[in-house]
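These notes concern the structure reproduced below.
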Amino acid sequence: MPTHKSHERPLAAVIGAGVIGLTTALLLQCNGYDVTIIASDFPRDEKPKPDYASPKAGAHWRSMCDEDDERAKEYDAISYKTFQELAQDPESGVNIRNAIDYFDVNPTGHEDRDPWWSKVVEDFKKVPSTNSQFPIAYSYKTPVITPPVYLHYLMHQFRQSGGRVQHRKLSHVGEAALWVGTKPKPVKVIVNCTGFHARYLGGVNDMKCYQTRGQTVVVRAAWINETITWISKNGAIMYVIPRSNGEVVLGGSHEAYQNDESVSGTKTTHILKTILQRYPNILKPGSSVAYAANDDLFSKFDIVDQKVGFRPSRTGGVRVEVEHGRSGSGQRVLIAHNYGHGGAGYQSSWGTAYDTLKLIQEAEKNAPAEQYETARL
């Protein structure tokens, strides 16, 4: 940990307390900044809004980036290694599990080539498939995260390192400086980690941001200790993700530009039917997979909850960028952006946070405010 005294640290404000905001704030706090998180939603909130996506995420590491997207690959690789380290702490909510990914076509586009992440993960191997619809299968070790535990863990680490929080909603990105800085010690850095809300945040108004609706079913199945994913070339993804508390997340759905907050019984039925057909192990050992009607289907599962959340998607992908702007009082301030992760928030969170920190440090070191131009689009 840095040894800077609080009054020697440059002030920074991070807007947003999802997994991206918390990760970025913690990293800044541990690298010499005096950080305050400003957000309208926090992990401690009992009933998070549907567009506060982080508590409802599936949250296992499974890279979805394109083979030729070098920046996204770096983000995912950094995050994988960091989660491996975090898994050593039993309080983190991160566990290493065996994963099997099934594909209907080779994700690389070449029959004889392994995916890029085969060199990142532990114990990677191609394994025989048990499903003729998904003839390609890979097994490897991967981090699986329990979001409520992990988000509280990040918040605890942040507060323990001297970070502060403010529960409020901002209408303009520069407004953060009014709530955190003072005239003798103004805010030096504002970091925008608002996800989908970057579309409506004044001073940003990124119209590339949109919501992608997702629905999951949480069941109690403590005997499941592996995470399974089926990936179709048409973009459909189904998954089984175990939690450390014996619950298992079954999913999912991927509905771009949809914002219906209500649970769809039709989608729940589809999820349960599909998972049961592809993965009978989800039922208690000795149970029959046969059922006569939907009521009978539901009775086979110990359903804990049905969740709807909205992934913070962005046309063109994640935005990691720094620029100079104005605070609410008109002072120049460095503004960093780290949002637009879609469904890849957890698996790229540490990579994008480190890149954000790097861009901030480079901007502060190499260019005066009046000459600085955008560093990365």
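Glycine too: its Cβ is placed from the backbone N, Cα and C atoms.
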Record-annotated D-dopa site (TrEMBL): member among G202, G203, G343, G351 besides Y239, R311:
G343
What three-state class does DSSP give T194 (FAD binding site)?
coil
Looking only at T194, Y239, G343, the binding-site residues on record, which one has the least crowded Cβ, with the fewest other Cβ atoms within 10 Å?
G343
If I take the alpha carbons of G343 (D-dopa binding site) and T194 (FAD binding site), what is the distance between them in whole Å?
15
T194 (FAD binding site) versus Y239 (D-dopa binding site) - Cα distance in angstrom:
27
Across all chains shown, how many C-beta atoms besides its own are within 10 angstroms of the C-beta of R311 (D-dopa binding site)?
24
